[in-house]
Amino acid sequence: MPTRNLLLGSILLSLAVKGDPGPHRGARCGVSPLGSATELNYLSRIVGGRESKKGQHPWTVSLKRNGKHFCGGTLVSHCHVLTAAHCLLDRNVKLYMRVYIGEYDQILKEETEQMFRVIEIFKHPNFNQSQPMNYDVAVLLLDGSVTFDENIQPACLPNPDDVFEPGDLCVTLGWGHLTENGILPVVLQEVYLPIVDLSSCLHVMSALKGTVVSSYIVCAGFPEGGKDACQGDSGGPLLCQRRHGSWVLHGLTSWGMGCGRSWKNNVFLPHNRKGSPGIFTDIQKLLGWVSSQLNTAVPNKNQESCSMQDGVLSGKSGELIFLKNPMSVTRTMSGAPGFSLSLKTCTSCLNFTHLDIESDFACNLDYLAIYTDSHRLIGKFCGDIPPRSLLISFSSIKLNFFSDFHENRTGFVLYYSAVEPNTYPDSGCGSFAVLFEEGEIQSMNYPENYLSNSRCHWIIHGPSGSYIKLQFEDFALEPSDDCRSDYLAVYQDLAAEDKIETFCGFSLPAPVYSTTAVMHIKFSTDERDNDKGFRATFTFVSPNSLVEDSRQGNMPSTNKKETTAQDSICGVSQVPPIFIYNSIAKVEEAVPHSWPWHTSLQYAGEHVCDGAIIAENWILTTASCVLNRKFNDVWLVDPGIHDLLRPGHNQKGLVKQIIPHPSFSSQTNDFDIALVELDESLQFNSDIFPICLPGKTSELAPASLCVVSGWSLRGKEAEKSTKLQQREVPILTDDACSAHYIQNPGGITDRMLCAGIGTGQDNDSCSEQSGSPLVCLLEKKGIYTIFGIASWGVNCKENSKPGIYTKVSPFIDWIRQIMSDTGQIHSNLGDPKPHPMGNIEPEETAGRDIIQGGFPTNDASSNQNLYIASSCEDVVLLQSPGEIKMETKSQMYPNGFSCQWRIIAPKFQIIKLVMKQVHMSAENGKCCNSLIIYEGISKNKTLKVRFPTDEMVPGTVWSEGSSVTIESPPHPVDPEFGFCLVYSFHSRTQSQDHVVPDSDSSEP
């Protein structure tokens, strides 16, 4: 069969942006010369009307009348400022208004200031003075060009695909009143607020008479109030930070009912006390209009043209569509310029021959984005290194080019063609590349999260005799042990058999070198926990250059985990925490071992609650976790663990004693704190390290942002994660906390604190996350300190109410006293003496019977009374000797019932099981009924023996460790089913073969 030529069309698209780049020189939108403000500010104070640092927000503008500030604004180009239209109602405002850029102190005349007049004002045509919060935006054209320096930079306008979600933390700035009708500040203030869901905001606003709002707004604030923008802040920016650092003008301060009022119960408040979230004009939704003003508002600006005849497409807004006949062209206007290629039943091949787009680490300034026809992002490209031979396994793709207004480049040139779908093997992720020249590769969708269940391949061919160097610029893949989840594997042969290395996690890998002229790269993802992926460049190097690097000691070494202890004594992590989202509404997986003080507390082999390491022998947790689980030998502390389903660190600790606070009340949850002393000291390293305790008088300011970590942070109704999660939560005022829990017995006491956000919905108080540490970064010291322990109501339902934490500072003296009495065995747990708060009956353990009794001091096979366990569903047996007996003839069991017994011996002892009798009907014995013995009691228990086995009844089974599980699986009721088993504890020297048929089993 002859080969068909499937080249449906080839066209040169060249986008050139014209204009003089001179005025923009030195501009870098959204980048603060002082660096990111989030590292410590988010973790110390997210709100609070505090003074900003001079130069921290170099795009902030002060509009003045007769030398006095009246509104704010934001610099977005060398000659444009965005502000609120309602600030400009006076028809003569252009005559007296002065624009101050680089302003910080309203009294001092600073060298950083630049002052301009306004030559033109462009208000949105839909702005209506009678409804001032709708379309409340205006563009000011300055009478000169701003000189950019370290104190003056423009903010980034939002991209069409920027996403800022409810709960994301953004900052608003201004010189407005510090309180409602209060004084004006002298220097620039900053207030961090979470984005509020638009539907919730509109619902709140509906309770305010006379307010008419549209969907062209952004809402931000706390339902409890306390922090907000205020009078004089109008027109100022609401800036949100992209994941990669640049600040985006998300909104303009427009309106609010009062300043910092609570709005969570507006319906029940009189009108003069009603509040609202802060209302900001949504710049992204009005980006088309804003862009058109920035394009047309420059005098003598060369207008750009669009021409298909000469193959050059220029202009900031347009769409080029190739229909079935690829030479049939239409052009339509849209918010973002773009081109669509439709190649029916074929695979699209894009070959860039030129790329010159403003370079940015995450391609957020100017970029070319490639999408599928369903708007699934394939990749974003910028800089001057063209991607090579991009094969996209979709027949229809869309190319969108976006440019801000700061740095002009020549654009890009690409050829597209259609190839047979089977010309290259399908990668399963939408792209496959065979590369013959030096260049750059990146994961699909980068820098946004890559897709699930993807299999991507790149094959790089270097010149004969050369080696290939792969240099990573960015790297963030789901971390996992041995990189078994998401991973990037690098090989040095076509068959992908000679592996160089496999990578995952968040650490930037060292450069990778092949020792052949071929490098094969595989990128594989599973179904969950996606991240932003990677970007890397590859170059061809000679073998001689590698030899020279090796001699000079410049060859990279494999990344090895450091296990040396930190110089600090507490509160420092060698693995820095990473927050993908600047949000108080999102739970995300923690970087493994980034919270090295977090530990799992396990009872009878199962994780039951969390704790925090505070010393080599001590764990801090809640009394509610340990009160009804009274047997020390059943407890296990597992530090340094990230995934509950995978083996953690080898320092699992046995428990010496458990000490709940003597005043703990299960009715009020007051004094909910406990200490666990380990039998042996922990050895601190990078995975296991203590958290710092606060001072006795340490207090957190309201709205301080702290972090809670744990395995159940996604809420009671959500699937629990086996991997450690983290979440940023704000500290609430005592009054706001009490308002959420009016019905709580005993109220919110001085020994409790509230953290998180809530909608005020009903919440069944629970302890799903009991014991999880609430830690805060102390800005001055740069260390983490534990201020709270999750007590109850923490994430029982998603965001329903703030969680209640035990405040640690009031208990510092008690903690120190207990820890100083190291040799004393405290008897707070299970103490027969009256409880200081009155006699408290132990709460029932749902679905489990714990057979109480102390461990024998001598060999358990000595003559003692035989303990008979008659319960069935989930029984923990700690007393020896004992008997398990079950008779369906004398009990009424429903169809499908199941039973489980867990026998736990003291440490260093094993268990002897003697099966006396097993009987059942002949018919059920063939198919259904059985009795199974497992080694161990956790989810990782292993099958040991299954009964009935005629030759083993009667018979003896010896355990290998100190615990076994006996199960009777679900089955239909068998009136003849029953068994009798006796057990006893022994030292290891007394064990026989693991399964021995008995000729005489009269003794257990």
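Glycine too: its Cβ is placed from the backbone N, Cα and C atoms.
Straight from Swiss-Prot, the features:
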{"type": "ACT_SITE", "residues": "His86", "note": "active site, charge relay system"}
{"type": "ACT_SITE", "residues": "Asp136", "note": "active site, charge relay system"}
{"type": "ACT_SITE", "residues": "Ser234", "note": "active site, charge relay system"}
{"type": "BINDING", "residues": "Glu113", "note": "Ca(2+) binding site"}
{"type": "COMPBIAS", "residues": "547-558", "note": "compositional bias 'Polar residues'"}
{"type": "DISULFID", "residues": "Cys71-Cys87", "note": "disulfide bond"}
{"type": "DISULFID", "residues": "Cys170-Cys240", "note": "disulfide bond"}
{"type": "DISULFID", "residues": "Cys201-Cys219", "note": "disulfide bond"}
{"type": "DISULFID", "residues": "Cys230-Cys259", "note": "disulfide bond"}
{"type": "DISULFID", "residues": "Cys363-Cys382", "note": "disulfide bond"}
{"type": "DISULFID", "residues": "Cys429-Cys456", "note": "disulfide bond"}
{"type": "DISULFID", "residues": "Cys483-Cys504", "note": "disulfide bond"}
{"type": "DISULFID", "residues": "Cys609-Cys625", "note": "disulfide bond"}
{"type": "DISULFID", "residues": "Cys706-Cys776", "note": "disulfide bond"}
{"type": "DISULFID", "residues": "Cys737-Cys754", "note": "disulfide bond"}
{"type": "DISULFID", "residues": "Cys766-Cys796", "note": "disulfide bond"}
{"type": "DOMAIN", "residues": "46-295", "note": "domain 'Peptidase S1 1'"}
{"type": "DOMAIN", "residues": "309-419", "note": "domain 'CUB 1'"}
{"type": "CARBOHYD", "residues": "Asn128", "note": "N-linked glycosylation site"}
{"type": "CARBOHYD", "residues": "Asn351", "note": "N-linked glycosylation site"}
{"type": "CARBOHYD", "residues": "Asn408", "note": "N-linked glycosylation site"}
{"type": "CARBOHYD", "residues": "Asn763", "note": "N-linked glycosylation site"}
{"type": "CARBOHYD", "residues": "Asn940", "note": "N-linked glycosylation site"}
Which of Cys201, Cys219, Cys240, Cys737 (the disulfide-bonded residues) has the most other Cβ atoms within 10 Å?
Cys219
Counting Cβ atoms within 10 Å of each candidate's own Cβ, which of the recorded positions Glu113, Asp136 comes out highest?
Asp136
Around Cys609 (disulfide bond), how many other CB atoms lie within 10 A of its CB?
26
Could you tally the C-beta atoms, other than its own, that fall within 10 angstroms of the C-beta of Asn351 (N-linked glycosylation site)?
16
Rounded to a whole angstrom, what is the C-alpha distance between Glu113 (Ca(2+) binding site) and Cys382 (disulfide bond)?
33
Secondary structure of Cys504 (disulfide bond) (DSSP, helix/strand/coil):
coil
Among Cys170, Cys483, which are disulfide-bonded residues, the residue with the most C-beta atoms within 10 angstroms of its C-beta:
Cys170
Under DSSP, is Cys170 (disulfide bond) part of a helix or a strand, or is it coil?
strand
Ser234 (active site, charge relay system) and Cys71 (disulfide bond), distance between Cα atoms, whole Å:
5
Between the active-site residues His86, Asp136, Ser234, which lies closest to Cys609 (disulfide bond), Cα to Cα?
Ser234
Could you tell me the C-alpha distance between Cys382 (disulfide bond) and Cys170 (disulfide bond) in angstrom, no decimals?
27
